[in-house]
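Annotation comment: TrEMBL describes 4-347 as domain 'Isopropylmalate dehydrogenase-like'. Feature annotation from TrEMBL assigns NAD(+) binding site to 72-85, 280-292. Feature annotation from TrEMBL assigns substrate binding site to Arg92, Arg102, Arg130, Asp221. TrEMBL lists Tyr137, Lys188 with the feature site 'Important for catalysis'. The annotation Mg(2+) binding site is assigned in TrEMBL to Asp221, Asp245, Asp249.
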Amino acid sequence: MTKSLLLLPGDGIGPEVIGEVKRLIGALALDIAVEEALFGGAAIDATGLPITDETVARACSSDAVLMGAVGGPKWAGQAYDRRPEAGLLRLRSEMGVYANLRPARCFAALADSSSLKREFVEGLDILFVRELVGGVYFGTPRGIEDIGGGERRGVNTQVYTSSEIRRVARTAFELARGRSNRVCSAEKSNVMESGLLWKEEVTALHKAEYADVELTHMLADNMAMQLVKNPKQFDVIVTDNLFGDLLSDEAAMLTGSLGMLPSAAIGEAGKPGLYEPIHGSAPDIAGQGLANPCAAILSFAMALRFSLGETAAADRVEAAVDKALTGGACTRDIGGTLSTEEMGTAIIAAL
Ligand code: NAD
Ligand code: IPM
Ligand code: MN
């Protein structure tokens, strides 16, 4: 049966990078039904909401959803629940995509594009498994309140339950078995109860079901340092929503640019996946044709692999990105001069 893909281009460079994915889809001539909907600031402008109920329903009934990016200065003054970013959090939550896979791979041609020396990043292949629908992003109470005397209080709550920790840890252990069989779990169990629970639950699941996988634990601040000291020590990293957000942006620079890192958010088997480059709407370069489309294109490849049953096409797309980079095709962020569209053209030519 024909699989369906919902594109959510969003804001800023989102439509620019998704535009290159659309051209790639045309070149691949796949049997996929592609639809599109407004998301983020673009949806706020049209409907007053960052995502409508109808778009959420369409996303949940598609086989895969691929987004560009949301947000920007135009909508930054809105109340939190009316911001573009709130639409993304709602979508992740309603799709139930609790495990966000963020592979930080350094393509051979980009070993000199990182801000670290070549020897530290050459051959780098880390897989972040970031918890995506819990933690401080969703915990209650939250808000800003007046507490008198001209003082206000901003509140967010970090909260995790055992089952939320175990299901994402399970994903990490399962994926590790297909790689170098090593998982490092990051938390701050030294200062946070939610971190202590995280460590205990990961340890218990490991002991009960995944003793064949090597498990280590690291405090998240130390991991931030170790990632730039000796990043190749890591294979699979499992961590919470906020630490996973920060550490994966840090790791993106090991691969050359934030514009290189794709992601796949998955939940229960059989449910649609949500695919997103990890970068944002990049207001500083939006509208100038400067964005690197690789993260979006590689996210599309992950959608082909995990949700659309097109493994061969996924291999082709990933190989084409590698080949284009090896042939010297580069946008500005990775040391070249190509525009977004020229980079897309180079990847299509390398298919
Ligand atoms: P950002 O990721 O948009 O940009 C950070 C820096 O990286 C900028 O200098 C930008 O030019 C550069 N960059 C990002 N993607 C690039 C690409 N593909 N090619 C070349 N350079 C790239 O982060 P920010 O500036 O902190 O946030 C801007 C907006 O994006 C905010 O509203 C934020 O909430 C939102 N955001 C959205 C997502 C998402 O939709 N998934 C992710 C992160 C940030
Ligand atoms: C990301 C982004 C999002 C996050 C924002 C835009 C909600 O930074 O996808 O990494 O913090 O998860
Ligand atoms: Mn982020």
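Backbone N, Cα and C atoms are what each Cβ position is placed from, and that goes for glycine too.
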| task | Please name which of the binding-site residues listed here, Tyr80, Pro84, Arg102, Asp249, is nearest in space to Tyr137 (site 'Important for catalysis'), Cα against Cα. | result | Tyr80
| Among the recorded positions listed here (Arg130, Lys188, Leu290), which has the Cα closest to the Cα of Asp245 (Mg(2+) binding site)? | Arg130
| task | For the recorded Mg(2+) site formed by Asp221, Asp245, Asp249, name the remaining residues of the chain with Cβ within 8 Å of the site's Cβ center, in chain order. | result | Ala220, Ala224, Leu242, Phe243, Gly244, Leu246, Leu247, Ser248, Glu250
| Roughly where does the domain 'Isopropylmalate dehydrogenase-like' (4-347) sit in mean pLDDT, to the nearest integer? | 97
| task | Would you measure the largest Cα separation among Arg92, Arg102, Arg130, Asp221 for the substrate site and round it to whole Å? | result | 26
| remark: Listed in sequence order, the recorded positions from Gly72, Arg130, Tyr137, Asp221, Asp245, Ala286 whose CB sits under 6 Å from ligand 3 are Asp245
| remark: Ala282 (NAD(+) binding site) to Arg130 (substrate binding site), Cα to Cα, whole Å, comes out at 22
| So of Arg92, Arg102, Lys188, which of the recorded positions has the fewest other Cβ atoms within 10 Å around its own Cβ? | Lys188
| request: Sort the recorded positions Arg92, Arg102, Arg130, Lys188, Asp221 by C-alpha distance from Tyr80 (NAD(+) binding site) and give me just the closest. | output: Arg92
| From Lys188, Asp249, Leu290: recorded positions whose CA lies within 10 A of Asp221 (substrate binding site) | Lys188
| Hey, what's the Cβ neighbour count for Asp245 (Mg(2+) binding site) at 10 Å? | 19
